[in-house]
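One structure is given below, encoded as structure tokens.
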Amino acid sequence: MTPEADRLPTGPALGDRLLTLTAGPPAAGGTFVARHEGRVVFVRGTAPGETVTARLLEDPQEQASARFWRAEALDVLEAGVDRVPTVWDEAGVDGVGGAEWAHIALPAQRRIASEVMQDLLRRAGVTSYPTEQVQVEPAPHDADGLGWRTRVRYAVDAEGHVGMRGWRSHEVRPVGEDPLSARAVRELRLGEWTAPAGTEAIDAVAPSAGPASVVLIGRDLDPDAVVIPESWGEADVAVRTGRGMVPLRGDGTVHERVGERLFTVAATGFWQSHRRAAELLTEVVEATLRAPHGGSAWDLYGGVGLFAAVAAAQVGSQGTVVSVEGNRRASQHAEENLADLPQASTATADVTDWVRARRGGVDAVVLDPPRSGAGPELMELLANAVRQRIVYVSCEPSTLARDLSAIEKKGWRVVDLRAFDLFPHTHHIESVAVLEPTPG
Ligand SMILES: C[S@@+](CC[C@H](N)C(=O)[O-])C[C@H]1O[C@@H](n2cnc3c(N)ncnc32)[C@H](O)[C@@H]1O
């Protein structure tokens with residue numbers, strides 16, 4: 001035996017070791033907690049109370065020392081009461097990622113997500129709000145949790161096959177019926193198309209106003225090599241290469257309507273993904289921000305100005321609103337989208353840097369950070385700068401819980417906290433927390 005072979009692991013190869021596990025309570029990332037000989041195992045692809053044969057994902061060399069293990073369910077030995085036939089055959093273990101709860105009944109998904117959210121808030125030490133009251137609510141008129149995704153990123157393999165990546169995998173897998181995507185995205189039939197050489201990904205968008213959009217992404221992609229198929233109908237088409245965006249049809253933007261207001265967004269830019277999200281979150285921010293007439297407000301992580309428009313209506317023409325956004329293109333679109341509201345202005349900056357540089361306070365703030373959250377430093381700056389209310393829109397409950405706990409320590413309290421199922425058949429949760437200074 002060579003010295004190298006001597007050092008090779010002698011146990012089963014990664015993924016070869018099978019365990020029989022019974023899933024218990026939910027944990028982060030859509031997994032469930034099981035135990036094997038006293039050790040915690042986080043299992044994906046299962047449901048509460050069921051017994052499965054699961055593949056261990058821990059590296060054989062690290063199994064003995066790992067504090068916990070991770071595994072994925074391969075066979076159901078005894079189904080849990082929440083298991084239903086999957087809504088997406090191509091999803092799940094060894095399938096496409098991004099629909100990890102497709103085999104769990106929709107009301108049960110929301111019950112489980114509520115438990116996860118309550119647990120995260122408790123563990124973070126949030127005390128000013130009764131965490132057991134937080135229940136994940138469905139989006140209005142969302143009966144089956146299907147057809148909601150208006151922003152879909154497809155992956156493309158070296159042969160030009162269009163699909164999606166598996167969970168923690170680089171492999172591109174077929175999407176089949178793609179049931180979570182909005183109809184206008186499904187009608188593009190991208191899964192049946194062969195992309196030109198050099199295409200690495202495709203962004204498909206089904207906006208609420210105007211045509212759908214397809215953007216082919218590839219560092220060295222040749223725009224002249226793109227032949228637009230008939231199935232794309234009237235969709236706008238663009239190519240994003242290492243040298244920038246080349247629109248082939250349309251101008252590389254899409255349009256979104258919320259109530260009476262029309263927003264322009266870059267075709268690859270950020271907009272809330274669920275087809276009802278922008279409207280729902282606008283209503284919640286409208287009902288909770290309470291920016292005073294003639295007063296001041298900031299919309300932090302403002303994107304193209306969705307919540308700044310709400311704040312501007314509340315402060316009126318005598319007030320002031322600033323939308324702060326780090327992405328230059330989004331900020332430019334915010335400026336255009338808010339052009340009819342002279343009380344609204346935009347700043348292109350890192351939010352924490354911008355707030356740190358402010359002198360004087362502000363009446364009300366809405367913030368909607370990415371998954372990494374605002375962070376304790378920004379929460380402390382806001383605790384000192386904001387006079388009346390903070391509305392925190394979050395797509396990641398663990399960072400929200402951390403940030404709420406941080407601002408509670410600076411004398412603020414949570415007065416309302418709602419959670420929404422804006423990502424059905426996944427474990428992701430959107431939520432909105434409303435904060436006020438603690439009286440006295
Ligand atoms: C979840 S989106 C919210 C956008 C907007 N509120 C909406 O609902 O359409 C977060 C936004 O924050 C921006 N962003 C992320 N990190 C940032 C930072 N450190 N400073 C400023 N903007 C940031 C992103 O470009 C993105 O537009």
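Backbone N, Cα and C atoms are what each Cβ position is placed from, and that goes for glycine too.
TrEMBL has this to say about the protein:
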DOMAIN    30-59  domain 'TRAM'
BINDING   Q272, Y301, E325, D368  S-adenosyl-L-methionine binding site
ACT_SITE  C395  active site, nucleophile
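What TrEMBL annotates, mapped onto the structure for a quick look.
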residue	record	contacts (Cβ under 8 Å, 6+ apart)
Q272	S-adenosyl-L-methionine binding site	A278, L281, L306, L422
Y301	S-adenosyl-L-methionine binding site	V324, E325, G326, V351, L367, D368, P369, P370
C395	active site, nucleophile	P370, R371, H428, I429, E430
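Each of the binding-site residues E325, D368 was assessed for Cβ neighbours inside 10 Å, and the highest tally belongs to E325.
Mean model confidence of the domain 'TRAM' (30-59) amounts to 95 (pLDDT, 0 to 100 scale). Same-chain neighbours of the S-adenosyl-L-methionine site beyond Q272, Y301, E325, D368, judged by a C-beta within 8 angstroms of the site's C-beta center, are, in sequence order, F270, D299, L300, G302, G303, L306, F307, P369, V393. Secondary structure at E325 (S-adenosyl-L-methionine binding site), as computed by DSSP, is strand. A coil conformation is recorded for D368 (S-adenosyl-L-methionine binding site) in the three-state DSSP classification, outside any helix or strand.
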